[in-house]
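Visitor: Would you mind keeping the following structure in view while I ask a few things?
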Amino acid sequence: MFVDQVKISLKAGDGGNGITAYRREKYVPFGGPAGGDGGKGASVVFEVDEGLRTLLDFRYQRHFKASKGENGQSSNMHGKNAEDLVLKVPPGTIIKNVETDEVLADLVEDGQRAVVAKGGRGGRGNSRFATPRNPAPDFSEKGEPGEELDVSLELKLLADVGLVGFPSVGKSTLLSIVSKAKPKIGAYHFTTIKPNLGVVSTPDQRSFVMADLPGLIEGASDGVGLGHQFLRHVERTKVIVHMIDMSGSEGREPIEDYKVINQELAAYEQRLEDRPQIVVANKMDLPESQDNLNLFKEEIGEDVPVIPVSTITRDNIDQLLYAIADKLEEYKDVDITVEEEESVGINRVLYKHTPSQDKFTISRDDDGAYVVSGNAIERMFKMTDFNSDPAVRRFARQMRSMGIDDALRERGCKNGDIVRILGGEFEFVE
């Protein structure tokens, strides 16, 4: 089964908790704090495996949860960091944040990695909070929660050549005779319902990857037929091979087929209009094909190369392969993925950090309570052990140092009013 789009849920591992402990040894009075830090939670990492050709593995498992870091231990022993969860994907996979539609990673090279959900930092043990004023702190920090998000995976096949055209024009037959690919071939429309890849070698030992895409019809760019599902795979081909049934056996005019398919390509992605193209006039073994070819050439002019072939008698197949290889040589220095990134703003950094941690907002609930939200304050809330009075006092100091107390006063918050953070309720005290 060919799967090229899927949505999955990711949960990176939480950091391990720091602990509150003290050094207790014979003959060592006032041993001091000895609580170790928690280990780092596992991140969710995507890695390219060139042996994969589909996203099928993600069809049956949609939820991925990475391991939690180990808790700290006494004697200042740190917890063990969790091992990252590595998910293998085929080359050409684009990862997007479902909520924002932001491109998080574009993975094209074997072994390339991207950290998509970052594991939480381990909480600090009480020995990390020792100061001259408080040499034996009696609180520690909980581990930071790992990132959690839904992402979509979209596969754009990395082929040098893309075969496009109406259904039943001979695309699958051509791929089957020039490579070892075994696409399904039948005398009915949409026999091909998934892309097929084949490695093609020319008689002079040049090679390239060719993709046979499901047949397009008018309106494909708007979702008609199967075309819209698979047009994305054309985006990364360096050369488009446009196959046309020159016999007109389906009752369509060859020149109209040519115009309709090009209109659909341009409507889907404007850049495809300028992609190098070779026209293949197929079924030249049938009556009327030569007359139609002459009229076709008169109509489109000499700018677009037209190569007459027959996939049944295999006439001119070698000439076609030479023409494709020559065209690829001509455009070998063109990086389609870079062109695409510049066009749509794809970001290929390994990890995109969340900006501006210190900002916060204050709003009011219907019952009059003040609601404080923001990355930094919510992170501190999650990492605070509210069963520990010293930890609660530290949290209050952090709120003051961030300016949240002053901001609440400016909004009219008075002594005894309710303040909420992530569902937790506090009483404002002057």
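Glycine residues also receive a Cβ, built from the backbone N, Cα and C atoms like all the rest.
Pulled these features from Swiss-Prot for this protein:
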BINDING   165-172, 190-194, 212-215, 282-285, 310-312  GTP binding site
BINDING   Ser172, Thr192  Mg(2+) binding site
DOMAIN    1-158  domain 'Obg'
DOMAIN    159-329  domain 'OBG-type G'
DOMAIN    352-430  domain 'OCT'
REGION    118-145  region 'Disordered'
Visitor: What's the CA-CA gap between Ser310 (GTP binding site) and Ser172 (Mg(2+) binding site) in angstrom, rounded?
Guide: 13
Visitor: DSSP three-state call for Ser310 (GTP binding site): helix, strand or coil?
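Guide: DSSP call for Ser310 (GTP binding site): strand.
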Visitor: What does the structure give for the C-alpha distance between Pro214 (GTP binding site) and Ser172 (Mg(2+) binding site)? Integer Å is fine.
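Guide: It is 9 Å, counting Cα to Cα.
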Visitor: Relative to the Cβ position of Ser168 (GTP binding site), how many further Cβ atoms are located within 10 Å?
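Guide: Around the Cβ of Ser168 (GTP binding site), 20 other Cβ atoms lie within 10 Å.
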Visitor: Which three-state DSSP class does Gly165 (GTP binding site) fall into?
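Guide: DSSP call for Gly165 (GTP binding site): coil, neither helix nor strand.
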Visitor: Let's check the environment of Pro214 (GTP binding site): how many other CB atoms sit within 10 Å of its CB?
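Guide: Pro214 (GTP binding site): 25 neighbouring Cβ atoms within 10 Å.
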Visitor: For the domain 'Obg' (1-158), report the average pLDDT of the model, please.
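Guide: Here the predicted model's pLDDT, averaged over the domain 'Obg' (1-158), is 90.
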Visitor: Rank the binding-site residues Ser172, Ser310 by the number of other Cβ atoms within 10 Å of each Cβ and report the first-ranked residue.
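Guide: Answer by Cβ density within 10 Å: Ser172.
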Visitor: Cα-Cα, whole number of Å: Gly165 (GTP binding site) versus Ser172 (Mg(2+) binding site)?
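Guide: Cα-Cα distance, Gly165 (GTP binding site) to Ser172 (Mg(2+) binding site): 11 Å.
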Visitor: Of all the binding-site residues given, Lys171, Lys283, which has the fewest Cβ neighbours within 10 Å once its own Cβ is left out?
Guide: Lys283
Visitor: Other than its own, how many Cβ atoms are within 10 Å of the Cβ belonging to Gly165 (GTP binding site)?
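Guide: Other Cβ atoms within 10 Å of Gly165 (GTP binding site): 25.
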Visitor: Provide the three-state DSSP residue tally for the region 'Disordered' (118-145): helix first, then strand, then coil.
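Guide: Secondary-structure breakdown of the region 'Disordered' (118-145): 4 helix, 0 strand, 24 coil.
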